[in-house]
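What TrEMBL annotates here:
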{"type": "TRANSMEM", "residues": "6-29", "note": "transmembrane segment"}
{"type": "DOMAIN", "residues": "84-229", "note": "domain 'E3 Ubiquitin ligase MUL1-like'"}
{"type": "TRANSMEM", "residues": "217-239", "note": "transmembrane segment"}
{"type": "TRANSMEM", "residues": "251-271", "note": "transmembrane segment"}
């Protein structure tokens, strides 16, 4: 006979747990998709926006780690002390418990220059989720010089006078994986990777695949916990509401409802992922447009400066014609007509000392050169992310979802003759 009353909090509690598990699970799924959706760039292909790179960790002034004394770009250490404590409960019964308590910790980093086969890019680790490799681990007693030499001079309550020292680091020349927001440096026409509020930022000695796999595991673990909570809650509730009756159907229904919620969560996450990818492509496109407009504003002044010096010379006349031909070009112009003129301008200036001696001309020339270098950065970033976006729309199941929701690939830009400036740094050997 059914019970007269069964608390609905059994179902409500199971539902809350299941919902929380879905939220946490899709948090890890979003991080995994963000990593998988970001193409690995070369250092010369990085511009503003989320970027992913692989290379070696270099720096101009390496650190010496606190415990292992290894040359590094980042390290973090902790000191733990063992204790045994006895407490008495309300009934006067003693209870003994033991464990390790953290008694000291610290970390330090310097700007990292990630180096690959195309160059270097500066990475500022502050604010990043950093994963190093273990370089030191030792457990000692009080008679060991390390005990007080690298640890605090005071003991904790219930101490057994045993300490363990643990340190992890990113050593000089270690292979690292970085994903984070790229921005333009304030001291050079180059990109750098730094922390950005609300954005994923990882600096790690582990591979992209390891991080992606870790997020995948946590995603399935949390989904599994949610499924168990849903089905168990349903089983308990209906077994109490109808003792002796089969609870198989309610359990299966609960599982199907949870599966439907998971599917909705996947569609929502995949859709947002495609939207973010498209937005990053558009961001790269707009950045090129900004630099083209800046370049167009510089060219009239350069034309005036060049025309003021021996305009009858054929070399100068040709330069003026090239500058004027580039003045009105926009993102709608055919790619073959978009050309860099800064390098040509430098050659012309070398031939005409009077032109090279003009401070106004040199200032304009420098501005044009920097603008075209930024154009090279923007073009490389755009082509990289646009290629990855096109690929995403071709694979299953993202391609099916993308076609249903009206996502379309974007055209690539033909390489123009813009030159990127090398970033000069004195790296430690």
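Each Cβ is built from the backbone N, Cα and C atoms, and glycine gets one as well.
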Tertiary contacts of the transmembrane segment (217-239), as residues 6+ beyond its ends and Cβ separation under 8 Å: 6, 8, 10-11, 13-15, 17-22, 24-26, 28-29, 32, 245, 247, 250-251, 253-255, 257-258, 262
Helix, strand and coil counts within the domain 'E3 Ubiquitin ligase MUL1-like' (84-229) (DSSP): 27 helix, 73 strand, 46 coil
Mean per-residue pLDDT computed across the domain 'E3 Ubiquitin ligase MUL1-like' (84-229): 93
